[in-house]
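As structure tokens, the structure follows; a few thoughts come after it.
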Amino acid sequence: MSSLRPTGMLNILWFSAPTSFPHQCFLGPGQPCDCLSPLRAAAEQLRQKDLRISQLQADLRRPPPAPAQPPEPEALPTIYVVTPTYARLVQKAELVRLSQTLSLVPRLHWLLVEDAEGPTPLVSGLLAASGLLFTHLVVLTPKAQRLREGEPGWVRPRGVEQRNKALDWLRGRGGAVAGKKDPPPPGTQAVVYFADDDNTYSRELFEEMRWTHGVSVWPVGLVGGLRFEGPQVQDGRVVGFHTAWEPNRPFPVDMAGFAVALPLLLAKPSAQFDATAPRGHLESSLLSHLVDPKDLEPRAANCTRVLVWHTRTEKPKMKQEEQLQRQGQGSDPAVEV
Ligand SMILES: *[C@@H]1O[C@H](CO)[C@@H](O)[C@H](O)[C@H]1NC(C)=O
């Protein structure tokens, strides 16, 4: 300290926050001078800094602000995703995969419709654990329409009653067994998409369909015996369809290849799927009530991008399981698969 020159005194004062100041300071031994005003200025600066420090200390003591909530995208139209489902070995695997895809999409409401006598614990539990906004519906396909043992899957359209049940609910005819039971209030901006539980969906697809005014369309991969099927677009309008099979169907589009604005569905209360429609005409049975093919709204970069794939899950072989079951040693039936 003794080596400090007189200017050093001020430095010391900066840090020690004294409560009183000498009225005089010394340039050197025995050399008094009046330096009241620089000291006053220094004291004022000190006071300012003390103030700032107490402000900062107070800030530190305050609890941190609540973490910013992700803004609820209120203005986005809701996407109602209608999924028919039925009990089989791979049902849970398919529904877990689909529900986790849907979890990536904001403002989405899942209408899961079971082909069953009543709600099953597997589906009820899965919905409750999904974290999704959902409505659980159930309708059993009438026996006459059910696929017979050994019949190939394409003979009878599957999921017709279930999709129509979802349309009924959207039109205020009730029927929910769990989840959100009230239908969309009048004037709700929304779009409806029929998403089977075995396809593969890119999250981008949902943003393509969200702003649909009437009926929007896009290609579907790995369907109809082709790499993809889809609308042909010229100057931003649908002028035809790329398909190898029955190209003269009014709407040769796959169930996964279109979405319908909810107000349009509500304005045409009799529009629904026809279980008796010939093979490949199920989509047309709904769409011909709703839109002229030339008014289809192309999405996915004028239908040049594939964002949904008609994947099929192989039926698992259960040879060993059956063998063990015959010996009373089958996999524990209490474990849900
Ligand atoms: C689709 O085609 C129209 C007309 O050619 C064009 O104006 C528009 O930008 C295209 N849209 C996209 C997303 O490529």
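Every residue gets a Cβ built from N, Cα and C, even glycine.
A TrEMBL annotation is a machine prediction, not a hand-curated record.
Going by TrEMBL, these are the annotated features:
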type	residues	note
ACT_SITE	GLU283	active site, proton donor/acceptor
BINDING	PRO84, THR85, TYR86, ASP115, ARG158, ARG163, ASP196, ASP197, ASP198, HIS310, THR311, ARG312	UDP-alpha-D-glucuronate binding site
BINDING	ASP198	Mn(2+) binding site
COMPBIAS	314-324	compositional bias 'Basic and acidic residues'
CARBOHYD	ASN302	N-linked glycosylation site
REGION	314-337	region 'Disordered'
SITE	GLU229	site 'Interaction with galactose moiety of substrate glycoprotein'
SITE	GLN320	site 'Interaction with galactose moiety of substrate glycoprotein'
(request) From the recorded positions listed here (ARG158, ASP196, GLU229, ASN302), select those whose CB sits under 6 A from an atom of ligand 1. (result) ASN302
(request) From the recorded positions GLU229, GLU283, ASN302, GLN320, pick the residue whose C-alpha lies nearest to the C-alpha of TYR86 (UDP-alpha-D-glucuronate binding site). (result) GLU283
(request) Show which residues of the chain containing GLU229 (site 'Interaction with galactose moiety of substrate glycoprotein'), separated from it by at least 6 in sequence, have their CB under 8 Å from its CB. (result) PRO219, VAL220, VAL223, PHE241, HIS242, THR243, ALA244, PRO252, VAL253, ASP254, GLY257
(message) Over all pairs within PRO84, THR85, TYR86, ASP115, ARG158, ARG163, ASP196, ASP197, ASP198, HIS310, THR311, ARG312, the annotated UDP-alpha-D-glucuronate binders, what is the largest Cα to Cα distance, rounded to whole Å?
(response) 21
(request) Among GLU283, ASN302, GLN320, these being the recorded positions, pick the one whose CA is nearest to that of THR311 (UDP-alpha-D-glucuronate binding site). (result) GLU283
(message) I need the CA-to-CA distance for ASP196 (UDP-alpha-D-glucuronate binding site) versus the residue listed as 'active site, proton donor/acceptor', whole Å please.
(response) 13
(message) Quick check on the region 'Disordered' (314-337): DSSP residue counts for helix, strand, coil, in that order please.
(response) 8 helix, 0 strand, 16 coil
